[in-house]
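Asks: The annotation domain 'Major facilitator superfamily (MFS) profile' is assigned in TrEMBL to 1-437. According to TrEMBL, the feature transmembrane segment maps to 63-81, 88-105, 111-134, 146-165, 171-189, 258-275, 291-309, 316-335, 347-367, 379-399, 411-433.
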Amino acid sequence: MVYVINSGGDSVEEKRGSVWKEVLLSFLASLPFFTHGLETTELSSASHSGHFITSQDAIPWNATAYILGAIVSAPVYCYVVDKHGRKVGIFVVNLLQGASCIPLFLDHDFATVICFHVVAGIYVGGLFTVVPIYVREISSLTTKGFSLSLMMVLTTAGYAMKLVISVEWMMYLLAAMVVVQFLSFLVLLESPSYLVMSGKMAEAKEIISQLKCLESRDPNVSKELESLKEESERAKSKGNLNVVGILRNPIYRDQTKIGIILNTTTMLCGSVVFLDKDKALFQLKMADPDKWLVLSCLCGGSLFAVMLIRILERKYLITLGYTMMVLSMGLLAVYTQMDLTVTSLRWLAVAALGVLVFGYGMVWAMPSVVMAEIFNFEIRATMVGIVFSYGQIVKLIHIHTYKYIEDYMGLYALFYIFTIVNMYGGVYALFAIPDLKNKTNKQIEKQMKRIPLLSFRNAPKV
C-alpha cells in the first residue's frame, strides 16, 4: 500500500506498508472458530444443537461441565499468555481442540459425553479470549475490526456445515481442520505488544516490519514501536496493574463495566429460546429438523456484521442488531401465548424468527470484539479473562434457572422479559461504548474520561 502526499506542488511518495499479511495471519489464527462451529453440532450447551443430558433433578450435566471448564480455564489462559506469549496460548487451544475430537470417535455413553464437554469447555475458555487478543495485537487500526469479526462468520459457517454434509464427512473435516490449524501455527508471528511488555524491543521491531512488509529501518516501523512503548508506559504510570489496581482506575473500571453489561445482555438475550425453532414457533407446529431457518439466518447475520464493521462504529452495529431483535421478539411474544390459536399470517411469525436470529447473528460475538479493542494491552489479557468468566457464570446460572422461570411465568412472558433486556442492551451500547473504529488506545481512553456534571471554580478575589 503506497500513499502519495502532495505538498507545495511536489509529490512525496511514502510507504506505509501492506495489510495483507496481517489479515492472512488473523484468518489463520481464527481457524479454530470454524472447527469449533463444526464441533458445536455435538455440544449440547449450544442452544441450537439439541437437548441437555439431564438427571432426575433436571440438572443439565453436560452443559454444566462445558461451562465450568470455560470458567476455570479462561483466567488461566490469560495468565499464561501474559507470562509466556500469545502464541503459546494459541498452541494450547489447538492442542486441546484436537484432543476434544477423540471422544467423538468413541461410543457416546454418559462418561464419554461428559469428558467431551469438559475438554471442549477448557479449550473454549482460551478460544474466545486468547485468539481475539492475538488478532487485535497483530492488526493495524484499519483492519482490526474486520479481522476480529472473522470469528463470527467462521463459527456460524461451521454451524451451517451440518446442512450440506453428512455427520461422517463432518467428522473427517473436523480432523482435517485440526491438522491444518497445527500447520498454520508454524507461520504465526508473536504479538509485538507482548514483546514490548517483555522488554524485547529489537524482536518487536522485527515482527512489526514483517507484519507490515517493510524493512526494519523504515520510519513507520519505528513509529509503530514508539506507539506501543508509549501505550505500555501510560498503563504502568497508573500504578499497580493487578486486578485491584486496575479496578481502582476509573477509566479501566468503566471499560470493565462495558464488558460486563455486554456479556450480561448477550447471555440473557433469549437465545436459549429462539435458537430452538420448535419452541419459538410451537403454536404453528412447524417441523424443521435440520434447523435450516436458524442456521442460515445466524450465518447471514454474522456475515452482514463482518461487511458492516468497517463502515459502522461498533456501538451502532450492536444497537442495530438489538433493535432488530427487540422488534421481532415482541411479535413472537404474541404468537407464543397459550390461548392463541394461529390461523392466519403464519408466515409473519416465521419471518420474525428469521429477523430475530439474523439480528442475534450480528451481535453474539461483539462483546469479545469490543473487549479486545477497548483495553490497554498491558491489562488486556487479565480483564478479558475475568469478563469472559463472568459471562460464563451468568450463562451457567441462566441454564439452571430458565426451566423453573418458564414453568412459572410462561414462554410468552419470558419473550417480553428478553425484549426488555435486549432493549436495554441496545440503548446502553449506543451511549456507553466509545468510538473504536480506527482509534488508538490513547484516543479510546480519552473518550472514557469522565466529565463532571457540575464544575465549581474559585471565585476571583476582590
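Note that Cβ sites are derived from N, Cα and C of the backbone, with glycine treated the same way.
Remember, it's a predicted structure, so these values are computed and weren't measured experimentally.
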Asks: Please work out whether the transmembrane segment (258-275) lies in contact with the transmembrane segment (88-105), by counting C-beta pairs under 8 angstroms that are 6 or more apart in sequence and asking whether there are at least 3.
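Replies: In this chain the transmembrane segment (258-275) does not contact the transmembrane segment (88-105) - fewer than 3 Cβ pairs sit under 8 Å.
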Asks: Report the listed stretch (63-81, 111-134, 146-165, 411-433) having the maximum count of Cβ pairs within less than 8 Å of the transmembrane segment (88-105).
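Replies: Counting Cβ pairs under 8 Å, the winner is 111-134.
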Asks: Taking pairs 6 or more apart in sequence, does the count of Cβ pairs under 8 Å between the transmembrane segment (146-165) and the transmembrane segment (411-433) hit 3 or more?
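Replies: Contact between the transmembrane segment (146-165) and the transmembrane segment (411-433): absent.
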Asks: Taking the transmembrane segment (316-335) as reference, which of 63-81, 171-189, 291-309, 347-367, 411-433 has the most Cβ pairs under 8 angstroms?
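Replies: Between the stretches 63-81, 171-189, 291-309, 347-367, 411-433, 347-367 has the largest tally.
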Asks: State the mean pLDDT for the domain 'Major facilitator superfamily (MFS) profile' (1-437).
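Replies: So the average pLDDT across the domain 'Major facilitator superfamily (MFS) profile' (1-437) works out to 85.
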Asks: Do the transmembrane segment (379-399) and the transmembrane segment (63-81) share at least 3 Cβ pairs closer than 8 Å, excluding pairs fewer than 6 residues apart in sequence?
Replies: yes
Asks: Six or more residues beyond either end and a Cβ under 8 Å away: which residues meet both conditions relative to the transmembrane segment (291-309)?
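Replies: Same-chain contacts beyond the ends: 48, 145-146, 149-150, 152-153, 155-157, 159-160, 162-163, 275, 277, 317, 321, 350, 353-355, 357-366, 369, 437.
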